[in-house]
């Protein structure tokens, strides 16, 4: 009895602790270590120089084994030549996708391969494993709930093995000249790991940004030596959300004047130079803060890595793609000879107006190669005439490292004195620096030309239009405008025409307004007005078809307020989640103390919501309106043809009625008196109506008389309904897009959506079929426009 009481007490205590921890993790109130990690740079490095390596988006996949093989065979040797003081892997360590790349879920085998690979890389490179840092990307959190053993990062990552469990990691590397180089990693992957494609953005919290601020300021009180600050992360700022209270990482970066924020995530899909200069006004400090954001390519496809150097606090970098092997069966990629000028800085990617070149400042460059170059020269190029012309060529001298031995290959540091004053110019991109060297095998390697400014002026960096699309603005801010803008526009397409229709009918102007659409424009001004009037008439005809209009309105209201579909957005053994315009509603833990949470995955769900609203729902409304308008045009055409033939009016371009003419020498073209009588205005409407009704029943018109009527009178050009056939093609395209999006969601979250949310699955094709049936028969109407 006493044991039962004790067990109950301990059980209650355990549930209380578990509930407290669940609430804390749900809110991400995670503690951080206060300790500082400091170590010295390589002894071989010059006192004022330090360089590190960044890699991103490795995507270890058991379905693509060559990716891991290339990593193990190539990276260790490359790092042995580079000899960095730090290697940072910025997210998406594993692929976490099935063989068909349609579903996302964690695979322990991929994580084991990742850990084994970097153990081998550390051994091959000669770098201690402590030199490696890694962090989560969105792929590393796919389908990972709270308190789940699927959190393989803690078990198989480098940071996990070294007990670096905090969301914000930092290390300070002390240079030979006493300068501190503070490197901070920010892990802001979604804390409740929804499956893709609902997991696209970084989600920092107030707690993590507070810790980020704390770690970036840890050396501010020590003014004896300067500090260079660089932050690593996975998500670009354009794909990072604000915290619960609206705080942003950019505010902290600008406050501390970091040199750069470097990240990955976008691969090379949108370009290889996705950079952005951030300049923020800080009212509380009465100054302007600035920093650069440099996204880099991926290892997954491009086999890319970045070498970043700081020379007397000046930060420069070069992105390197390893050379693929000639024999495709060999997975060893070769590191090319790498040239990294460290001074003067690239005037386009340096901090604005921050680095003036003194007469005593030499040209400095790092060379990474298997063997020392035969010679290295610096070329000064003049781009005044929009073509780069060589102005001066300067021989560079090797600076011996402290060890004095580069027999095993590695970095070579060169300097050259020059008269920098000759190249002073207010235009920051007039003069360019190019490094050229000869290798031992006789090959010539030339670096990419970089503009420089002696006066410290910064050049203008321009993104491509595709790069600006992903880096130029915050998608978190743009998403509500894109979402509610299209929702409001769709509702206006339904509501405004209906209100306008009632207003016309109440004033008795409906028939006159409709007929004005068919009348030819007498002047240019009226033609311009008709460009707006005709499209509005199309949606007005949709409002006149009450059944279709009401079904569309109900479906739009359903999409706005109710769940679209349900699926397994977390692990397979978790309850299904429900997606609406307001985000996912899920139960993030199997613990009974954690309730269902709503509003997750915003704005991540934009990859689902926006394509559906813009590419399916909006075209659907236009297409169904066009079906109604096409039938109405044919009805009015038929009704007005006979009347206009009597009155002599012209309804061009749709109606053109003229008396029949015949070629006297064309016997076959002549009509008999009975046939001619049928063309008279008194019988014209009956003939056209018979023809259109027979077509609506699917019968082909083969009568010679009716064909001659069409040819001679130009009458009933709409009633062949060729426009309708074109609209059928559009309906098929919309149906295809709907099912394509639905099938991708079923592959990602399971087939439960077909059963649990049939409205989302079946409404679009059902509406299209219903509308085609509704608009198929031609209704006889009077000349005034009322139905008979």
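Cβ from N, Cα, C; glycine included.
TrEMBL: automatically predicted annotations, no manual curation.
Feature annotation from TrEMBL assigns domain 'Calcineurin-like phosphoesterase' to 51-268.
Summarising the annotation, TrEMBL assigns domain 'TMEM62 Ig-like' to 335-457. In the predicted model, the domain 'TMEM62 Ig-like' (335-457) shows an average pLDDT of 88.
If you look up TrEMBL, you'll see 481-755 marked as domain 'TMEM62 C-terminal'.
TrEMBL lists 1-22 with the feature signal peptide.
The annotation transmembrane segment is assigned in TrEMBL to 481-500 (among others).
The feature transmembrane segment is assigned by TrEMBL to 546-565 (among others).
Taken from TrEMBL, the feature transmembrane segment applies to 605-627 (among others). Away from its own ends, the transmembrane segment (605-627) comes close to residues 197-198, 200, 475, 479, 482-483, 486-487, 489-490, 493-494, 538-539, 541-542, 548, 552, 556, 559, 579, 581, 583-584, 724, 727, 730-731, 733-734, 737-738, 741, 745, 764, 767-768, 771-772, 775 of its chain (Cβ-Cβ under 8 Å, at least six residues beyond either end).
The feature transmembrane segment is assigned by TrEMBL to 727-749 (among others). Sequence-distant contacts of the transmembrane segment (727-749) (same chain, six or more residues past either end, CB-CB distance under 8 Å): 100, 102-104, 195-197, 565-569, 577, 608, 611-612, 615-616, 619-620, 623, 626-627, 630, 760-761, 764-765, 768, 772.
Summarising the annotation, TrEMBL assigns transmembrane segment to 755-773 (among others).
Helix, strand and coil counts from DSSP across the domain 'TMEM62 Ig-like' (335-457) read 4 helix, 52 strand, 67 coil.
With a threshold of 8 Å between CB atoms, the same-chain residues lying at least 6 positions outside the transmembrane segment (481-500) that come near it are 536, 539-540, 542-543, 549, 552-553, 556, 560, 581, 606, 609-610, 613-614, 617-618, 621-622, 625.
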